[in-house]
């Protein structure tokens, strides 16, 4: 090569390096360069692949790290693709949406010229392990505060993410394995985007909260994040760890045309050959009515010989073993969390005007095990009927199911599906763990939220329903409209809570002027109650 050509090459490389250094939208990682987008208040880098495409031969397999190298600059200005799902909130008969090839991370960094690095909040979205995506959770409120870098991840949902035959051939939990691989990617790469790899907090809502708890049950989670917050969902909720997965997997096979095989390896091979849309659309065949059960496919306990197993023991057994990450954890609920799922019972039939709740009077023993997730936990029909009878007597006594008795039904759903697990989780963690365990209850009804959306009614007061707190952190127009001045204040305090949790090395947690009290080494339950204009530490000998 001539001297002239060498000088020309060096000059071009030097110019390219200067351009990259001068352009804050260009980030370079092992796979190559990434170009983001300037959104005014913040920079975004969306739809970055972190895993190989989970399609074809890689469907129903543990995710593999993304290994391709980009020769051109990767365009990270494309809106995130939602994983394929049968979405409860699509008000049409065909609820199919999304793409099977969806394993990406999206990063949002405040524009602060005088600041080069930020603590990191990783979001695990909710959706009952069946639907949802990080893209519906807004980040504008956090970006306006300008103190946190936000990462949203995608993971397999419904049958594509959680179908399981209960053996090593189709063990399940692929969605949880997707999450774990994404967390590893974030730890490795986030510094390139201005994130602090030693100051990462994982937060999730509903199924995302349960996922955060399940991730924490891996000892080496302590190397991936500094702490975790499970909002209105944890691993002990009855809808999280599923039984009956094998039966549903083979039923799925029959629905999509795999015949009546009872051999797991044959079923897996057949399912790999079917269109993803057929597999996901089969969800409708598992619904008893409306979108019940709301989680037809979810996490399972895998066999010990499963390759790349994520969970081989029940979460309670894992906690009792003490072999989980000793990092601070917060577990929360709202006073009327059960408004999710219960509110849909108030939806009127467009033809008859009758509501699902009216039909419960004749169908309670048929539907209750699906509504409250003990269909597969009970061994006999008599066991199911006995529990259904006891629950009705406990919460309604001799009252009929109706709009007038809705609050009794909602309280039942709140207790069984969300609240009862909180003291159980606290008890186990403080007995077998050493790291701080915090809890809060949110008690501040919104003007319009999930209750109104699911019921399609405005004539019923729902209280503080599922998501009324979380949607103040990640503003979500799809699930609520408007935000009051008091909620603006609460939103800022929640965001400050996340920043402090990520930055401090003492494992403490604060909300505005209130300091959370640690449940470890405490005989009483320590719960912070957050209401419209106040926060207050409450202490219970028995959980209320």
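Glycine residues also receive a Cβ, built from the backbone N, Cα and C atoms like all the rest.
Fair warning: this is a prediction, and the values are worked out from it, not measured in the lab.
The annotation signal peptide is assigned in Swiss-Prot to 1-19. Here Swiss-Prot flags 75, 114, 262, 456 as N-linked glycosylation site, drawing on sequence analysis. Annotation comment: Swiss-Prot describes 83-102, 258-270, 514-535 as disulfide bond. Annotated active site, acyl-ester intermediate per Swiss-Prot: 206, in sequence order. Sequence annotations record features per position, and here Swiss-Prot assigns active site, charge relay system to 466.
All features noted in Swiss-Prot, drawn onto the structure.
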residue	record	Cβ within 10 Å
75	N-linked glycosylation site	13
83	disulfide bond	29
102	disulfide bond	25
114	N-linked glycosylation site	4
206	active site, acyl-ester intermediate	28
258	disulfide bond	18
262	N-linked glycosylation site	10
270	disulfide bond	16
456	N-linked glycosylation site	13
466	active site, charge relay system	33
Euclidean distance between Cα atoms of residue 75 (N-linked glycosylation site) and residue 114 (N-linked glycosylation site), Å: 26
Top Cα neighbour of residue 83 (disulfide bond) in the set of recorded positions 258, 262, 456: 258
Shortest C-alpha distance to residue 456 (N-linked glycosylation site) - which of the recorded positions 75, 206, 262: 206
From recorded positions 206, 514, 535, the one whose Cα lies nearest residue 270 (disulfide bond): 206
From recorded positions 75, 102, 206, 514, the one whose Cα lies nearest residue 262 (N-linked glycosylation site): 102
Residue 514 (disulfide bond): tally of other CB atoms within 10 A of its CB: 18
Length of the line joining the Cα atoms of residue 258 (disulfide bond) and residue 535 (disulfide bond), in Å: 55
DSSP-derived structure type at residue 258 (disulfide bond), helix or strand or else coil: coil
Cβ neighbours of residue 535 (disulfide bond) where a neighbour is any other Cβ within 10 Å: 18
